[in-house]
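Taking it in order: structure first as structure tokens, then the write-up.
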Amino acid sequence: MIFLGLDPGLGTTGWGAITVEGNRLSHIANGQIRTDPSMALARRLALLHDALAAVIASHQPEMAAVEEVLGNSNAQSTLKLGQARGIALFSLAEAGLSVGEYHPNVVKKAVVGTGSADKKQVQAMVSRLLPGVKLAGPDAADALAVAITHAHHHASARGYARRVRAS
């Protein structure tokens, strides 16, 4: 099964695709979509949508997940991040995918073992869980971590459903 993870941002959106067979994870591809800050906001959002649509068409994921947005003290930045996240959610929904959403601390805990992990720890564990992966950057590593988290949660939910049906 192919999982796509997204770490949305207006300046840089990370994406990562993995395949899961049983309990084995394999890297398919990862990348970062960048938009030019000198462009109009609407144009940047349109470019983000087009790039995400191309990633989805290219890798044909069956499951997808997006990292939730954390607010910060700059309301304008938080709003723009929310708009980029909306484009990510829309792009996945447009492709007919159901979408998991995870708080960054949940992703860190699932991949590193602690919700307070830093970016370098996340990158190191993603590299360990997906041997041979060449990370396109920190946002791509975060996106792969989101995909891994969703794969774990999906496997747990499937196992639970099987146990409930068997009882």
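Each Cβ is built from the backbone N, Cα and C atoms, and glycine gets one as well.
As recorded in Swiss-Prot, the features of this protein are as follows:
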type	residues	note
BINDING	Asp7, Asp139	Mg(2+) 1 binding site
ACT_SITE	Asp7	active site
BINDING	Glu67	Mg(2+) 2 binding site
ACT_SITE	Glu67	active site
ACT_SITE	Asp139	active site
Tertiary neighbours of Asp7 (Mg(2+) 1 binding site) (same chain, Cβ under 8 Å, six or more apart):
Thr13, Gly14, Trp15, Glu67, Asp139, Ala140, Asp142, Ala143, Val146
Three-state secondary structure, Asp7 (Mg(2+) 1 binding site) (per DSSP):
strand
For Glu67 (Mg(2+) 2 binding site), what is the secondary structure state per DSSP, taken as helix, strand or coil?
strand
